[in-house]
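Colleague: Here it is: the structure, laid out below.
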Amino acid sequence: MNSPPADLQAIGWRADIDPRWRDAMAAHPDAHPARVVEQHRSGYVVATGPGEGVAVESLPEWQRPTGYRKGTVAPEDRPAVGDWVLVEDGRRIVALLPRRSAIKRGAAGEHYRQQLIAANVDVAFVVCGLDGDFNLRRIERYLLLVQGSGAQPVVVLTKADLPGADAAAAHAALAGIEALGVPAVAVNAKDAAAVEALAPWLHPGDTVVLVGSSGAGKSTLTNTLLGIDRMKTAAVREHDARGRHTTTHRALIPLPSGACLIDTPGMRELKPTGEEELADGGFGDVEVLAAQCRFRDCAHGREPGCAVRAAIARGELDEGRFLNYMKLGGEVAAAADRLASRLADKQGAKPASRAAHKRPDDRHGKR
Ligand SMILES: Nc1nc2c(ncn2[C@@H]2O[C@H](COP(=O)(O)OP(=O)(O)OP(=O)(O)O)[C@@H](O)[C@H]2O)c(=O)[nH]1
Ligand SMILES: [Zn+2]
């Protein structure tokens, strides 16, 4: 493809094509690239431009297994919203193009499962209101899941205009996180000035997602970034020119800046998958301290020479942040244990001990 259509660029097609994509496209000369906007049990809805969606068939091995039949392809290896695929005859997916990022979470349920929430995301805005809902611990949880995904996290503090909002206090509380290179920006999500404040992360070709709990201001921010009241502009097109059923989809929203926003459910509750690393998952500061404890297996409780406790006593590390580090670390370790036994089930091998080092209290050298 020499010059990609503007429609494709509006939904996140980048000018700098991955060389692996060129190879895949060369291998399927009759296929055209499209982006996944919905995933269903037996197929996908893909788009080649803003606002459209066409149901296509997927490769049989990608179809979700029914009943107890095990799928041959792990859920996280099947296309998800945001993935680029190659489609033949406008109706059949023939290839999944390699991802540059993937935001995943652990899915609830008896058996270990991962869920890919969105693929090929460049920027994740972690949205949190500066009202009574402000919750540093929740921001840390979101950051843990976003970092390592390949997407750059940016904390967006909404409701800065409210009387009780204290952006300075929030920045102070986020100092540890900002020092690790995660920007934090306070905005009034209802004000067009928010667009300018967030412009550094809305470059043409970039794909952005908003994560954050209910009421944080994601829809409000989306509308402001769009510059229109999008939520009231849903229209349904029954049939396209070829007579196939199409619907208007709002999963991929082109922004005036040239960036593209993925709006997908599932961005609210994020549980670790077990693959997260606390060091690059936003807790690098705590990890650096933990490495300085006298005992390599320090649990940061009452051990002498504990650098973590000392930093808390000196007021250099917030105790709430430390407790959240231990809590999230425990969740990652538990998920990692389940992941390891799933892999072992698959390979008929003994569970790998890789999970053990994930737990913050026994990472530093328990034999
Ligand atoms: N004053 C003010 N109000 C805001 C701001 N951001 C959001 N709100 C209000 O907060 C409420 C919740 O905002 P939404 O945008 O619906 O939140 P959401 O994150 O999309 O919530 P869900 O759709 O439930 O996930 C709405 O009444 C918004 O008008 C802001 O920056 N300033
Ligand atoms: Zn310690």
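Backbone N, Cα and C atoms are what each Cβ position is placed from, and that goes for glycine too.
Remember, TrEMBL labels are computer predictions, not curated facts.
As listed in TrEMBL for this protein:
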type	residues	note
DOMAIN	113-270	domain 'CP-type G'
DOMAIN	119-268	domain 'EngC GTPase'
BINDING	THR158, LYS159, ALA160, ASP161, GLY212, SER213, SER214, GLY215, ALA216, GLY217, LYS218, SER219, THR220	GTP binding site
BINDING	CYS293, CYS298, HIS300, CYS306	Zn(2+) binding site
REGION	343-367	region 'Disordered'
COMPBIAS	358-367	compositional bias 'Basic and acidic residues'
Colleague: Of SER214, THR220, the binding-site residues given in the record, which has the fewest other CB atoms within 10 A of its CB?
Modeller: SER214
Colleague: If the criterion is a C-beta within less than 6 angstroms of any ligand 1 atom, which of the binding-site residues ALA216, CYS293, HIS300 pass it? List them in sequence order.
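Modeller: Only ALA216 meet the Cβ criterion.
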Colleague: To test your reading of the Zn(2+) site: which residues beyond CYS293, CYS298, HIS300, CYS306, same chain only, put their Cβ within 8 Å of the Cβ centroid of those residues?
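Modeller: Other same-chain residues near the Zn(2+) site: ALA290, ARG294, PHE295, ALA299, GLY301, GLU303, GLY305, ALA307, VAL308, ARG309.
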Colleague: Using a 6 Å cut-off on Cβ distance, which of the binding-site residues THR158, SER214, THR220, CYS293, CYS298, CYS306 come close to any atom of ligand 2?
Modeller: CYS293, CYS298, CYS306
Colleague: Within the domain 'EngC GTPase' (119-268), how many residues are helix, strand or coil going by DSSP?
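Modeller: Per-class counts: 44 helix, 32 strand, 74 coil.
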Colleague: With the cut-off set at 10 Å between Cβ atoms, which of these binding-site residues ends up with the most neighbours? Options: ALA216, CYS293, CYS306.
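Modeller: Buried the deepest by this measure is ALA216.
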Colleague: Taking ALA160, CYS298 as the binding-site residues to compare, which has the smallest set of other Cβ atoms within 10 Å?
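Modeller: Looking at the binding-site residues ALA160, CYS298, the Cβ with the fewest others within 10 Å is that of ALA160.
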Colleague: Please average pLDDT over the domain 'EngC GTPase' (119-268) for the predicted structure.
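Modeller: Average per-residue pLDDT within the domain 'EngC GTPase' (119-268): 84.
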Colleague: Binding-site residues CYS293, CYS298, HIS300, CYS306: which have a Cα within 10 Å of ALA160 (GTP binding site)?
Modeller: none
Colleague: Spatially speaking, which of the binding-site residues THR158, GLY212, SER214, ALA216, THR220 is closest to CYS293 (Zn(2+) binding site)? Use C-alpha to C-alpha, please.
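Modeller: Nearest listed residue in space: GLY212.
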Colleague: From the binding-site residues GLY212, SER214, ALA216, LYS218, THR220, pick the residue whose C-alpha lies nearest to the C-alpha of CYS298 (Zn(2+) binding site).
Modeller: GLY212
Colleague: Ten-angstrom check, please: count other Cβ atoms within 10 Å of the Cβ of THR158 (GTP binding site), all chains counted.
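Modeller: Its Cβ shell of radius 10 Å holds 30 other Cβ atoms.
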Colleague: Could you tell me the C-alpha distance between SER214 (GTP binding site) and CYS306 (Zn(2+) binding site) in angstrom, no decimals?
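Modeller: Roughly 38 Å, rounded to the nearest whole number.
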